[in-house]
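Take a look at the structure set out below.
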Amino acid sequence: MDKLIITGGRRLDGEIRISGAKNAALPILAATLLADEPVTVGNLPHLQDVTTLIELLGRMGVRVVIDDRLNVEVDATTIKELTAPYELVKTMRASILVLGPMVAHFGKATVSLPGGCAIGSRPVDIHLRGLEAMGADIEVSNGYVHASVDGRLKGARIVMDTVTVTGTENLMMAAALADGTTVLENAAREPEVVDLANFINAMGGKVKGAGTDTITIEGVPRMTGCHHQVIADRIETGTYLIAAAITGGRIKTKDTDPTILDAVLQKLREAGARIEVGDTWIELDMEGRRPKAVSLRTAPYPAMPTDMQAQFMALNIVAEGTGTIVETVFENRFMHVQEMNRMGADIEVQGNTAICRGVEQLTGAPVMATDLRASASLVIAALAADGETTVDRIYHIDRGYECIEEKLQSLGAVIRRVPR
Ligand SMILES: CC(=O)N[C@H]1[C@@H](OP(=O)(O)OP(=O)(O)OC[C@H]2O[C@@H](n3ccc(=O)[nH]c3=O)[C@H](O)[C@@H]2O)O[C@H](CO)[C@@H](O)[C@@H]1O
Ligand SMILES: C=C(OP(=O)(O)O)C(=O)O
């Protein structure tokens, strides 16, 4: 497995381009299965998860053509195999997103259950109950979900128990080709849900209310070709802003969208950063100062994203003062704590709360990446540590960060990848 070796102590300074959002690209690629004509998707990030989803579509017989600018053309009409096998689903939980569109368009789908993962149990019961409410027969056996419907799915009113991002997305895609109108109550409001709705509408779908907690989907008989550009990755943006803040540095993130980062920018201002925004850029300047610790609580959008929790912890451990972080979305998303403490951090965990007392200086150490955002948090903590940090198992990072070492190097960080 590749490793990243980081020598801390450099103040970041410079500009980077933000990539397309992983968590928008994956549902949009799954939604290409709804169309009766080829569709093209642009601004896809060059990430392992995107490659895995394209591989999954390819395995199912879907024709996928990628051009040299990473625009992907997908033609779902060539599909032969209505199965998403375990060996692909296990490396990427978003594979469950092919379930809704496949059963809606082709009347049948067999998709491996994703199972648990490092950050928590990640159930899909809400996805399955919603599909049943739309008339699908669901059977779970031997680790697979077998879904089928006679004729078409039927519109339904579905109240989701918990706010779930992929659950909302799966049901929105299924409803797009159903007979009649579906109302999703307690829907996720994430910008990636809105981007998916815009894509469905560009294919001729009729989705209203995405971005609010009630989404209404009027089913249409068929979907047509279109071109869609994926939105910017707000989590990648937030990660680089914190990386610069941790080092007392300055950064301009370009091709991003400040309007979907309110909770993150507010906390960074509280941490003492000077932040300016334009239509498509965010500039952060710490002017050489040490950040102040911040307290936060993760929750569904528009509150603080759980996907930014580990990176804010990296900020708190080098900050002035004590910050308390409460994780309310996933039950086991503190695995970076032990690794950070090995770098000299002072973090105490009590249930779903981490009390972070900032220290003057972290020290480099060999650490292990356990999940995607935990890996990113260790890399950015290492930028502020004295000496060398080796982050092992960085395949997690390659699932979600395009060219992380090149982007950090361009900002002045000393970081290199050591291949296996
Ligand atoms: C591909 C993608 O976009 N992944 C994102 C998505 O994951 P994902 O969609 O897996 O996360 P959910 O939003 O579904 O999970 C939210 C909560 O709902 C619970 N739950 C979910 C579904 C279900 O059927 N039953 C149930 O109980 C989960 O255990 C969790 O506690 O949103 C998460 C929260 O923003 C992000 O960390 C992930 O990056
Ligand atoms: C947890 C994440 O991804 P996934 O849902 O693909 O595991 C993430 O993007 O932080």
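Each position is counted from 1, following the chain as shown.
Heads up, the Cβ atoms here are built off N, Cα and C, so glycines get one too.
TrEMBL labels come from automatic prediction, so no person has curated them.
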Further UDP-N-acetyl-alpha-D-glucosamine ligand in TrEMBL, beside Arg93, Val329, within candidate set Asp68, Asp75, Asp307: Asp307
Rounded distance in angstrom between the Cα atoms of Asp307 (UDP-N-acetyl-alpha-D-glucosamine binding site) and Lys22 (phosphoenolpyruvate binding site): 12
Binding-site residues near ligand 2 among Arg93, Asp307, Val329 (Cβ under 6 Å): Arg93, Asp307
Count of other CB atoms lying within 10 Å of the CB belonging to Lys22 (phosphoenolpyruvate binding site): 26
Average pLDDT across the domain 'Enolpyruvate transferase' (7-408), rounded to a whole number: 96
Lys22, Asn23, Arg93, Val329 filtered to the binding-site residues whose C-alpha is within 10 Å of Cys117 (active site, proton donor): Arg93
Reduced DSSP assignment, Asn23 (phosphoenolpyruvate binding site): helix
Recorded positions compared (Asn23, Arg93, Cys117, Asp307, Val329) - the one with the fewest other Cβ atoms within 10 Å: Cys117
